[in-house]
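Here is the structure we will look at.
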Amino acid sequence: PLTGTMLNKQVILESLIVFIIVLCVHTVVWDRYSWCAIALAVQAFYVQFKWDRLLRLGGAVFQFRTTANSGLLPASMVIPLLGIVMKERCKAAGIVYFERFGIVVASTGMVVALFLSVIAVGITRPVPTNTCILSGIAGSIILYTMKYSLTVSEVIEVLEVLLIFVYLSMILLYLLPRCFTPGEALLVLGGISFILKQLIKRSLNVIEGRGDPVDLVLLVAVAGVVLLGIFFTALFFFMDSGTWTSSMFFHMMTAVLGLGVLMPWLYHLIRRNPLFWLLQFLVQTQTRVYLLVYWTLLAASACMVVLYQNSKRSSESKKHQASTITRKYFHFIVVATYIPGLIYDHQLLYIAAVLCLVVFILLEFIRYFRIKPFGQTLRHLLTLFLDERDSGPLILTHIYLLVGMSLPVWLFPRPCAPKGTLSGAGALVPYSGVLAVGVGDAIASIFGNTIGEIKWPGTKKTFEGTMTAIFAQIIAVALILIFDGRVNLNTSYAWILGSISLVSLLEAYTTQIDNLLLPLYLQILLMA
């Protein structure tokens, strides 16, 4: 689809930005793990071209998204860098358990990324000797470091995650062709396999009771949704999913899995009735009830927007696509959802995001399998808001939007955060989703589409769009400072400005799903 030279320029610039981010983190952290991260980045840069060639020639094993480049470098750096900054944070707070946890996250990310690049090198013909040598060197550096910094049980954990990752990627990439690029597959499936592994570990040693029920809800929800999806896809492989009987079966099985498997599991993990705990949690304070009412109104308004657009479409013509501005309405609605939650009540936002994710994925199942009462109408309503990035059978961008906004809230290492006022750039960490996606991305696309003249070399994104995005994010930071009394930035303004501009530049150059990448990178930079 895109011309080779233009794409190469774009890939090199994108890699350059990611490299600068890695170097920033490295200068702050400066230990053997960050040297490993640099080695990994160098080899991922080379392997990325091999993946691109495989995708162009159709030599990759599975079907990937065709409109984007492979995006191996940005994706493979996310998990190791997250682990590294998390380890630094918890080391400063003096919590050993989470420091070890950060190290495990980092090494897991490195191993999985190495695995992907080794696969790419292995299925390229003729065998690329230089890239092989580079991958070998990076792999040996990483394995050497792991040998001297991990205990045996931690090594076993890392290998378990790798195993789950291999199986999951085989199943899911076979079932969902053209939904991911290799980089996104690495991010999404790596995250899911890590969650499953944590869940298994928590279920086996419950005695500690260390787990906050809030965290466990996320783990169980993700595991349940993945199991449900694999089960139904395998089932509807053999029977027609459009009929009433299979729809009844779908609803029955969802209820059985939810109430009969996940509820007892949660009960086993948190030692209380999950439903009662949830109800008590939701109405604990006055502000929570207010927030819930406010969110219900927002959700209703979002539904109104969809229906209004649809009526407009049916009256005008069949081919009416929602404009970018209409699509970005949702970004603003999401920002309006998240900011009060972030200011008043983190825990509630956490739970609400998990529940919302589950609902979204269930709706996606219903739409994809055309389950009876709502499947067809959902299919009709959502084709309006299709992005050019949803070429596969699943519509994923709205799920990515939700996940990108919530990831900073989910990944915020609460035990390592100093109590009371949050100081420094780290105070903005929970807001990184709102800043990067809700404000930055939306403003960039709106202004870039309306007034953009000067294009960045090699892309469709414009200079004005990026500038306005950076500006808007700075304004948003100022507003957060005014409204959220707990945030105190001290002297780290230059660092914040730098990280915002870096992430906005990355938004201009990347062809991956930016809803997923940008919040993670902003969070990494702010935490470092």
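Using N, Cα and C of the backbone, Cβ positions are placed for all residues, glycine too.
Annotated transmembrane segment per TrEMBL: 12-30 (among others), in sequence order. Beyond the transmembrane segment (12-30), the same-chain residues lying 6 or more positions past its ends with a Cβ under 8 Å from any Cβ of the stretch are 37-38, 41, 45, 48, 73-74, 77, 81, 84-85, 88, 456-458, 498-499, 502, 505-506, 509-511, 521, 524-525, 528.
The transmembrane segment feature in TrEMBL is assigned to 97-121 (among others). Through the fold, the transmembrane segment (97-121) approaches residues 33, 36-37, 40, 43-44, 47, 50-51, 54, 72, 75-91, 127-128, 131-132, 135, 138-139, 142, 146, 149-150, 154, 157-159, 161-162, 165-166, 182, 186, 190, 194, 413, 415-416 of its own chain, all at least 6 residues removed from its boundaries and within a Cβ separation under 8 Å.
According to TrEMBL, the transmembrane segment annotation covers 127-146 (among others). Using a Cβ-Cβ cut-off under 8 Å and counting only residues 6 or more beyond its ends in the same chain, the transmembrane segment (127-146) has close neighbours at 32-33, 35-36, 39-40, 42-43, 46-47, 50, 107, 110-111, 114, 117-118, 121, 155, 158.
Under the heading transmembrane segment, TrEMBL lists 158-176 (among others).
Summarising the annotation, TrEMBL assigns transmembrane segment to 216-238 (among others).
Sequence-remote contacts of a segment are chain residues at least 6 beyond its ends whose Cβ falls under 8 Å from one of its Cβ atoms, and for the transmembrane segment (250-270) they are 202-203, 206, 211, 213, 216-217, 220-221, 224, 227-228, 231-232, 241, 277, 362, 365-366, 369, 371. Residues annotated as transmembrane segment in TrEMBL: 250-270 (among others).
Note on the transmembrane segment (290-308): residues 282, 326, 329-330, 333, 336-337, 340-341, 344-345, 348, 352, 381, 384-385 of its chain, located 6 or more positions outside it, place their CB under 8 angstroms from a CB of the stretch. Annotation comment: TrEMBL describes 290-308 (among others) as transmembrane segment.
Tertiary neighbourhood of the transmembrane segment (329-344): same-chain residues 287, 291, 294-295, 298, 301-302, 305, 352, 398, 401-402, 405, 409, 430-431, 433-434, 437-439, 441-442, 480, 483-484, selected by CB-CB distance under 8 Å and a gap of 6+ residues from either end. Feature annotation from TrEMBL assigns transmembrane segment to 329-344 (among others).
What TrEMBL records for 350-370 (among others) is transmembrane segment.
For 391-411 (among others), the entry in TrEMBL reads transmembrane segment. Sequence-distant contacts of the transmembrane segment (391-411), counting only residues of its own chain at least 6 positions beyond either end whose CB sits under 8 Å from a CB of the stretch, comprise 65-67, 82, 86, 176-180, 218, 330-331, 334, 338, 342, 346, 349-350, 353-354, 356-357, 360-361, 364, 367-368, 382, 385, 429-434, 436-438, 513, 515-516, 518-520, 522-523.
Residues annotated as transmembrane segment in TrEMBL: 431-451 (among others).
The transmembrane segment annotation in TrEMBL covers 463-483 (among others).
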